[in-house]
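Participant: In case it's useful when we look at the structure, here is the feature table from TrEMBL:
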DOMAIN    4-324  domain 'Adenosine deaminase'
BINDING   HIS9, HIS11, HIS189, ASP270  Zn(2+) binding site
ACT_SITE  GLU192  active site, proton donor
SITE      HIS213  site 'Important for catalytic activity'
BINDING   ASP271  substrate binding site
Amino acid sequence: MSVPKAELHLHIEGTLEPELAFALAERNGAELPFASVQELHDAYRFEDLQSFLDLYYRLTDVLRTERDFTELAEAYLVRASAAGVRHAEIFFDPQAHTSRGVPFATVIDGLWAALRDSERRYGISTKLILCFLRDLSAESALETLSAAEPYLDRIVAVGLDSAEVGHPPAKFAAVYRRARELGLRAVAHAGEEGPASYVAEALDVLGVERIDHGIRVLEDPALVERLVRERIPLTVCPFSNVRLRVIDKLTDHPLRLMLELGLVATVNSDDPAYFGGYVQENLDGVRDALGLSDEHLRTLARNSFEASFIDERTRARYLGEVEAYRF
Ligand code: ADE
Ligand code: ZN
């Protein structure tokens, strides 16, 4: 058994394994520009965030029906359950689908069929986070939020993802204001490839409660101090950072430093089908590469529940499981 944990930075589209991509392509009559599963695997070499996103969006074309989205989410839950994930807050990118003519309802109904009963079937409580693609317009984000309004009971928060540089958080001030009026919580990717100033802007202009990635905050000591003081969590994704060349190699990863500075850092998998591992592999990887102790690992697990959008009773129960865990 591995330590109980919450996963807070996981793009459901990023769990599309090559085998499932090929199976769905065949079922749906979709063309994939790869001759075999192996050839697709071999394409998982990225120069930067954009080169990854190009493949990620290309492969979403195989996701067309409710059943496809249900199977995608079920496959993730099976893996997460085996890895000790007790709670997952799952990103989805509706515009990656609506832009191809797949209705919003197909996406959310398909995902929901897997998630609504996830606690009983997989032992994992789940919540959905609707992400806006920041390289599309602010108007498109507002239209997406409108499409989501009939489904707000299935969505806990809004997020912001896709190509970061050149698309600062402030571009989305209006849609975040509207989301908060609707009672949604708020997170945003910031400080992955973009500068530390995007992290401050996400906090100050969008009112986010948690930062996705955020590793470039280390370039701004005053901002680090603020995040420590305000206990703003960071959902860090070590394998992603290496694969997208945000850092050179895992032994250079600043996660241990982040913990030792008192940042509320958590470990997550981002797009595990593309980056070489799910959350437990990420944890094992940083433990070995950075020499993390059992207490570091317990802190990471504790942070994951502290940072999650669960009710206080559930949080206390999960934190109790973390304290009782024997490494
Ligand atoms: N969409 C999926 N994964 C992402 C990441 N790591 N950064 C930005 N957008 C993403
Ligand atoms: Zn991400």
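Quick reminder: no glycine exception, Cβ is built from N, Cα and C everywhere.
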Participant: For the recorded Zn(2+) site, whose residues are HIS9, HIS11, HIS189, ASP270, find every other residue on that chain with a C-beta no more than 8 angstroms from the centre of their C-beta atoms, and list them by sequence position.
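Facilitator: In sequence order, the nearby non-listed residues are LEU10, GLY14, PHE91, ASP161, ASP212, HIS213, THR235, CYS237, SER240, ASN268, ASP271.
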Participant: Check the DSSP secondary structure of GLU192 (active site, proton donor), expressed as helix, strand or coil.
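Facilitator: Once the DSSP labels are grouped into three classes, GLU192 (active site, proton donor) ends up as coil.
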Participant: What is the interatomic distance between the Cα atoms of HIS9 (Zn(2+) binding site) and HIS213 (site 'Important for catalytic activity'), given in whole Å?
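Facilitator: About 9 Å separates the two Cα atoms.
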Participant: What does the structure give for the C-alpha distance between HIS213 (site 'Important for catalytic activity') and HIS189 (Zn(2+) binding site)? Integer Å is fine.
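Facilitator: Pair distance, Cα basis, whole Å: 6 Å.
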Participant: What is the average pLDDT across the domain 'Adenosine deaminase' (4-324)?
Facilitator: 98
Participant: Write down the Cα-Cα distance for the residue listed as 'substrate binding site' and HIS189 (Zn(2+) binding site), rounded and given in Å.
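Facilitator: Rounded to a whole number, the Cα-Cα distance is 14 Å.
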Participant: To the nearest Å, how far is the Cα of the residue listed as 'active site, proton donor' from the Cα of HIS11 (Zn(2+) binding site)?
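Facilitator: Given the Cα positions, the residue listed as 'active site, proton donor' is 15 Å from HIS11 (Zn(2+) binding site).
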Participant: Return the single residue from the recorded positions list (HIS9, HIS11, HIS189, HIS213) that has the minimum number of other CB atoms within 10 Å.
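Facilitator: Minimum Cβ neighbour count within 10 Å, taken over the recorded positions HIS9, HIS11, HIS189, HIS213, occurs at HIS11.
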Participant: List, in sequence order, the same-chain residues at least six positions removed whose CB sits under 8 Å from that of ASP270 (Zn(2+) binding site)?
Facilitator: HIS9, LEU10, HIS11, GLY14, CYS237, PHE239, SER240
Participant: Of the recorded positions GLU192, HIS213, ASP271, which ones put their CB under 6 Å from ligand 2?
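Facilitator: Close enough to ligand 2 is none of the recorded positions.
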Participant: Near ligand 1, which of the recorded positions HIS9, HIS11, HIS189, HIS213, ASP270, ASP271 have CB less than 6 Å from any of its atoms?
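Facilitator: Cβ under 6 Å from ligand 1: HIS11, HIS189, ASP270, ASP271.
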Participant: Would you mind checking how many other C-beta atoms are within 10 angstroms of the C-beta on ASP271 (substrate binding site)?
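Facilitator: Counting Cβ neighbours of ASP271 (substrate binding site) within 10 Å gives 24.
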Participant: Enter the number of other CB atoms within 10 angstroms of the CB of GLU192 (active site, proton donor).
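Facilitator: Total other Cβ atoms inside 10 Å, all chains included: 23.
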